[in-house]
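As C-alpha cells, the structure follows; a few thoughts come after it.
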Amino acid sequence: MDTQAFKQTLHKSDRYNRRGFGSANKRAQALAEAYQSGLIGSIRENGNLLEHGRLKVKLAEAFGFCWGVERSVAMAYETRKHYPNERIWITNEIIHNPSVNDHLRKMNVLFISEEKGVKDFSVVKDGDVVILPAFGATVQDMKLLHDRGCHIIDTTCPWVSKVWHTVEKHKKHTFTSIIHGKYKHEETLATSSFAGTYLVLFDLEEANYVSDYILGKGNREDFLKRFSKASSAGFDPDKDLQKVGVANQTTMLKSETEEIGRLFEKTMLQRFGPAQLNEHFLAINTICDATEERQGAMFSLVDEPLDLMVVIGGFNSSNTTHLQEIAISRGIRSFHIDTPERIGEETNTITHMPLEGGELLTEENFLQNGNISVGITSGASTPDRVVEDVIHKLMKIGENF
C-alpha cells in the first residue's frame, strides 16, 4: 500500500478529524477538572518536596501526563460530547492507564475486543464513530475503518506520527527500518505498518546480534528464527541489512535508542567505509521530548538519597517500565504500581509488578521504621490526582506504623 497516498486521502475526508472539536483552553479546563491535583501543585511549588512526620516525599522534576497524552484524552472526552447519541468505539486503550480507560467506559465508549492480536472490527458499522488512541493504529486498520464509512477521530500523538514519517522516508529510499521497540506494542505495530522492510529490536543485546550478522559473524537460520515475529514478511538478512535507518517506539529508554543508533552507524562504517556511509545508514532523531524529559528527571531523582521509590503507571506502559528500570539499575528498593489501591494503608503493604513482569508480588513492612525518604514518579499516562492518592496513603502509613 502507498501509505502516504492513503494518508492524504484520509486527511481530506470529511469523516476524519485530528484537530478536536473545541479550543485548547476548553480542553485544558476539562482535564484540570478531571485529573489535576492541588496537593501536587503545592509540592511542586515547594521544590518537589513534602515532609509529613517521619515521611519525606520527593517528586521527580517532570512526571505524569505529557502534552501528547493530554491532547489524546481531551479529544476522546470531546468526542462523546460532540456525538452524544452515536455509538463510539476505540481501537485500543486510549492510554495505558486503568482509571482513564475506566472513565471512558463509564461514558459509554466501547472498546474493540482483540484475541490473539486480531481486533474484531465486525462490530463496527457504517456511520459509527471510532477513536484512534494516542499510540495510533495500523494503516490497515485505518483503511478498513475509512472504507466502512466510519467517522474517525485520530488522537495519535504527533511524536508517534513523526516516527511514521521517518520510516516512510526509509521506505522511499529503500532503507530497512531498524525499530527500537517491543514488536507486540500497539505503537510499534502501527509504526511498522507504515514501514517497508523493517526489523524490530528490543534492546542493545539484540542490536549487537544484528550488528555481528552484518559484519559476517552470524548464522542465517538462527537469525530468521530469532526475529520471525519481529520483522517484515519475507525479511532476508543478507539482502535487507545492506541499507538501514534507525527509528524507535517513542517510549523506549532514550539512552539505549541513542546507543543503538551509534552502534549501527559504526557497523555500517566498518562494513562499507566512510565514503559510502551515507548510502548505507540514515540517522534521524525520533526520540520524544516528553520521554527524554521524564527519563532525565528520573536519573536526577535517583541520584538523591532515597530509601525507596514508587513508580506509578499502567503495568503495560512501556515508558513507566523504563522509569522503574532506572531506579532498579541504581540498586534502589523500587515498586511499580498501577493504582493507589495497590497500597494497603491499614497493613503497611504494597502489591507491585516486578521489573521482569509475571505475577504481582506483595511486600510486607513496606514503609520501614524511622525517618524515611520516598521518591515518586509516574508514567506519561498517569494523572496527578492518582499520584496525590498514592501520597495520601503513604502519609497514613507514616502516621500509623
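Placed from the backbone N, Cα and C atoms, the Cβ positions cover glycine too.
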Same dimethylallyl diphosphate site per Swiss-Prot - residue from His11, His185 joining His96, Ser317, Ser318, Asn319, Ser381: His185
Minimal Cβ count within 10 Å, across the binding-site residues His96, His185, points to His185
Note down the number of other Cβ atoms within 10 Å of the Cβ of Cys157 ([4Fe-4S] cluster binding site), including every protein chain shown. 24
Within 10 angstroms of Ser381 (isopentenyl diphosphate binding site), Cα basis - recorded positions out of Cys66, Cys157, Glu187, Thr250, Cys288: Cys66
Of the binding-site residues listed (Ser318, Ser381), the greatest number of other CB atoms within 10 A surrounds the CB of Ser381
Taking the centroid of the Cβ atoms of His96, His185, Ser317, Ser318, Asn319, Ser381 as the isopentenyl diphosphate site, which other residues of that chain lie with their Cβ within 8 Å of it, listed in sequence order? Ile95, Thr251, Gly313, Gly314, Asn316, Thr320, Thr321, Gly379, Ala380
Sort the recorded positions His96, Glu187, Ser317, Ser318, Asn319 by C-alpha distance from Cys288 ([4Fe-4S] cluster binding site) and give me just the closest. Asn319
